[in-house]
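Listed in Swiss-Prot for this protein:
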BINDING   75, 174  heme b b562 binding site
BINDING   89, 188  heme b b566 binding site
BINDING   193  ubiquinone binding site
TRANSMEM  25-45  transmembrane segment
TRANSMEM  69-90  transmembrane segment
TRANSMEM  105-125  transmembrane segment
TRANSMEM  170-190  transmembrane segment
TRANSMEM  218-238  transmembrane segment
TRANSMEM  280-300  transmembrane segment
TRANSMEM  312-332  transmembrane segment
TRANSMEM  339-358  transmembrane segment
């Protein structure tokens, strides 16, 4: 296909006239992925995956490599931006019923799992105190699996404790997974354009559409500019805002940090894990906190797609959002009353959202006589 025809095809891509700013986060995620790949490549060039040299190599990157500090900060804060965008992207999908486009939703949830795995492996690489202990706590959860747990943990560690082989394979996984994310993102976009984007009203968009260019391209560029300004402001003025003070010390297996906690974007899953006083139960709850998203296309009972005209479901959704924030907050606190009770109630409410979704839909149908 000639170059002009491809451009024309892209320019004439029909898009619903009424899609709001919440639909811009997909293109922002693509920008985040590109940024992470570029900065990640330049960091990998200078990084050494060895337990004796990893921490020193990060210091070398920030001090000696030209613009290394910028690459490192862009990569670390870019990951936070990535998760901010993906959580908003998922929230929009929940609110406006985008999950009814099953294939797109299921591929997107798989992308989220891959992204979380990549971020976890990346957090271990600097080999600071919190990196080491976060890796120890999370990989230890595999031992909760009956029969196979211990074997799987030893296999993942490459020995009987977290050591040099663990760091090497985590670096390899952190390097290879983004290529899987690129492939799956392409599939995600392909599946989306089979049916086309939904819109805030949840109606069929075919009756009123406009060309993608110039309307949506300018809208995308505006949001990307805002995100870039935010990113560069944080990198320039508050580069350590998301960092844990413990991670500025080299990993020491003999000294346990007073309070082990992951990066902010994993706090809600960690909070759910900690709220259950049983290892296997906690590991299952942690897994289910993400896997429950896969059930949404199959439990939608309402005759209306979007929550725009569903006040009961709106109340449920915003309660769910508040619950997400409360769990994240309690996960930063020590395991003692009242935080344990708050996190247990919040974890229960988190899962109740997925149970109440079909019930609320059925109830609204009855009330509105649909």
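Glycine is no exception: its Cβ is also placed from the backbone N, Cα and C atoms.
Annotated features taken from Swiss-Prot, shown on the structure.
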| residue | record | Cβ neighbours (10 Å) |
| --- | --- | --- |
| 75 | heme b b562 binding site | 21 |
| 89 | heme b b566 binding site | 20 |
| 174 | heme b b562 binding site | 22 |
| 188 | heme b b566 binding site | 20 |
| 193 | ubiquinone binding site | 10 |
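Contact between the transmembrane segment (25-45) and the transmembrane segment (280-300) does not hold: fewer than three of their C-beta pairs are under 8 Å, each pair 6 or more apart in sequence.
If you compare Cα positions, residue 193 (ubiquinone binding site) sits closest to 89 out of the binding-site residues 75, 89, 174.
Separating the Cα atoms of residue 188 (heme b b566 binding site) and residue 174 (heme b b562 binding site) is a whole-number distance of 21 Å. If one looks beyond the transmembrane segment (312-332) by at least 6 residues along the same chain, the residues whose Cβ comes under 8 Å of a Cβ in the stretch are 91, 94-95, 261, 264, 267-268, 270-272, 274-275, 302, 339, 342-343, 346-347, 349-350, 353, 356-357, 360-361, 363-364.
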